[in-house]
Amino acid sequence: MVLDSYTFLIVLSSLIVLSYVFDIVARRSKIPSVILLLTTGIFLQVAATYFNVALPGMRSILELFGIIGLILIVLEGALDLELKREKLPLIRKTLITATLTLLITAALIAWFVNFWLNVPYQIAIVNAIPLAVISSAIAIPSVTNLTPEKREFIVYEATFSDIIGIIAFNFAVQNERVGVGSFVALAVDLVSILLISVVCCLILLFFVDKIKSHIKFFLIIAILILLYSIGKKLHLSSLLMVLCFGLMLNNAALFIKDRLGKYISLRSLQSEIVQLKQINGESAFVIRTFFFLLFGFSIDLQELYQLDIWVLGFTIFSIILLVRYAYLQYIAKVPLIPELFIAPRGLITILLFYSIPSQYVIEGMNESVLFFVVLLSSLLMMLGLMLTRNNVNDIPNY
């Protein structure tokens, strides 16, 4: 069965309306919308099978939505962060937390995969890193109305986790044997992308200030996507560029000084931030909606009945939770509610998993395992938000 153009548009628009309804339900029930979207995607798959409707190129479409969604989510989070001297301890703490929990979690998951599936540790670590990354696409919208301190901790940690996860994943894929040269190359990569990011971001800020056309924000987002994609082709950690742009735009007064102030108007930038946040947020809403619907649609339901999938998924989830508990309780010494519970896996996990080269693919580590971990971590986040004493009225969108 082939859908005609109008039927296809009816389905697409209905799904966006349904996602908005899920948003309202999530605010009142504290059930993460990602769960509702994944479930809807599964029902759509059943319906499509019944009516013999095929959707070709599913993986490519899903990866495309994931890349755009990741860029928009990181930009959304960066536009809410303020750089102040008093925030430096928080930034340092969340950076260390994100780095250590990710590396320890990835190492333990890799050890289990190495033991359970009998694969080399190098291959296991490449498959483990995506599962160790906190999804900012789910975490950031979920903490909108928590106290500023808790919200900032989670936003910084999730954003750093995305970036460090991508860096660690690329490092593991590109270095079959790790030596001093590997770390030198990594340092050169990071310094290069930071310098390039600062220059590109200043140019983008100039465009934001000077372009008077009413379509400039989608132009800016398109340029960001272009720069990100070029950076990925060159194997650079180009997500740093997106983070830098958001931080520099929201904290323009720290960067636009002296001579730069003659070319870029701070007052003009302040008025543009509000519009960019709104457009970026609405775009991210649409992208996230279809990403999680398509991921639910792509799940092989027969695999969910396999015992190995349950063992793998539950054990990986347990490792994630235990590492996070031990670190937050005994090392970082931060409150456990809701920080312990808000460590969802989602968009970035799926996106990195789809980026695993063919020589590192493990039979038995598939989308069903990802689905299991994403679902359990989202349910855990729901529990944490329910236990939170703060009056949270806007929980969570995705």
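Cβ atoms here come from the backbone N, Cα and C positions, even for glycine.
As given in TrEMBL:
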- 6-22: transmembrane segment (TRANSMEM)
- 17-380: domain 'Cation/H+ exchanger transmembrane' (DOMAIN)
- 34-55: transmembrane segment (TRANSMEM)
- 61-83: transmembrane segment (TRANSMEM)
- 95-117: transmembrane segment (TRANSMEM)
- 123-141: transmembrane segment (TRANSMEM)
- 153-172: transmembrane segment (TRANSMEM)
- 184-208: transmembrane segment (TRANSMEM)
- 215-231: transmembrane segment (TRANSMEM)
- 237-258: transmembrane segment (TRANSMEM)
- 309-328: transmembrane segment (TRANSMEM)
- 340-357: transmembrane segment (TRANSMEM)
- 369-388: transmembrane segment (TRANSMEM)
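Most Cβ pairs within less than 8 Å of the transmembrane segment (61-83), among stretches 34-55, 95-117, 123-141, 184-208, belong to 123-141. Within the same chain, residues 1-3, 15, 18-19, 22, 25-26, 61, 138, 289, 292-299, 301, 344, 346, 371, 374-375, 378-379, 382, 398 sit at least 6 positions outside the transmembrane segment (34-55) and bring their C-beta atoms closer than 8 Å to a C-beta of that stretch. Most Cβ pairs within less than 8 Å of the transmembrane segment (123-141), among stretches 6-22, 153-172, 184-208, 309-328, 369-388, belong to 153-172. Same-chain residues lying 6 or more positions outside the transmembrane segment (237-258) and placing a CB less than 8 Å from one of its CB atoms are 70-71, 74-83, 159, 162-163, 166-167, 170, 189-190, 193-194, 196-198, 200-202, 204-205, 208, 224, 227-231, 264, 266, 269-270, 273, 276. Between the transmembrane segment (340-357) and the listed ranges 153-172, 184-208, 309-328, 369-388, the one holding the most Cβ pairs under 8 Å is 369-388.
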